[in-house]
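> Annotation comment: Swiss-Prot describes GLY10, GLY11, ASP12, GLY13, VAL14, GLY15, LYS16, SER17 as ATP binding site.
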Amino acid sequence: MTGVFITLEGGDGVGKSTQSALLREWLEEQGHEVVVTREPGGSDLGQEIREIVLHRRGHIAPRAEALLYAADRAHHVETVVRPALERGAVVLQDRYLDSSVAYQGAGRVLDAAEIRDLSLWAAQGLLPDLTVLLDLDQAAARIRLDAARTRFDRLEAERADFHERVRQAFLGLAAAEPERFLVVDAGWPREVIAAEIRARAHVLIAAGASA
């Protein structure tokens, strides 16, 4: 594959959508084809799965939830991500397998290694070239969410201890793979964050162009 795969990760309320939009604008100005997508919900099937995992009323068993995310990932990678990469596009994706490890692994207290293995199997081993982790204290993130919304999905509505486990899991993943992750303080001004991300993306894309 000749494209570049960039994912944005972090807890709820950290500004992933904002940074994705800013990065897309910059990349398109540089002449790149950019595909912006998300998990769950980056395909027609994924939209249906998203409704179940985020908005269905009532309990979903943690293992069933993990499998639903994996099903979405398998279809999404096969039908959206890989075709875009194969034609040389830059794929900007809101959440990927690291979210499964953090939310279903740490948040739902499932085995993180099993969740990662399941995700890699679903994605046929596809890892991002760059993962941007927007890190923010969960209390500050909650203030942002409360200011922005009146309704919350099933994960956003979880308690503070759930979100703290998720945050620490993300930081652990970044520490384990520093070559793949860029960790940015999501409390910084958005233009400062965008500049950090652009600098790393520029190096990555330039290296690919010269390879």
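Using N, Cα and C of the backbone, Cβ positions are placed for all residues, glycine too.
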> I'd like to know which of these binding-site residues, GLY10, SER17, is least surrounded, judged by other CB atoms within 10 A.
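Comparing Cβ neighbour counts within 10 Å for the binding-site residues GLY10, SER17 gives SER17.
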> Among all the protein chains here, how many other CB atoms are within 10 A of the CB of LYS16 (ATP binding site)?
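Summing over all protein chains shown, LYS16 (ATP binding site) has 23 other Cβ atoms within 10 Å.
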> If you skip the near sequence neighbours and keep only those at least six away, which residues in the chain come within under 8 angstroms of ASP12 (ATP binding site), Cβ to Cβ?
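Listed in sequence order, they are ALA141, LEU145, LEU155, GLU156, HIS163.
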> I'd like the number of other C-beta atoms within 10 A of the C-beta of GLY15 (ATP binding site), please.
21
> Including all protein chains displayed, how many Cβ atoms other than that of VAL14 (ATP binding site) lie within 10 Å of its Cβ?
28
> Out of GLY11, GLY13, which of the binding-site residues has the smallest number of neighbouring Cβ atoms within 10 Å?
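Result for the binding-site residues GLY11, GLY13: minimum number of other Cβ atoms within 10 Å at GLY13.
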> May I have the list of same-chain residues other than GLY10, GLY11, ASP12, GLY13, VAL14, GLY15, LYS16, SER17 whose Cβ is within 8 Å of the Cβ centroid of the recorded ATP site, in sequence order?
LEU134, LEU136, ALA141, ARG144, ALA186
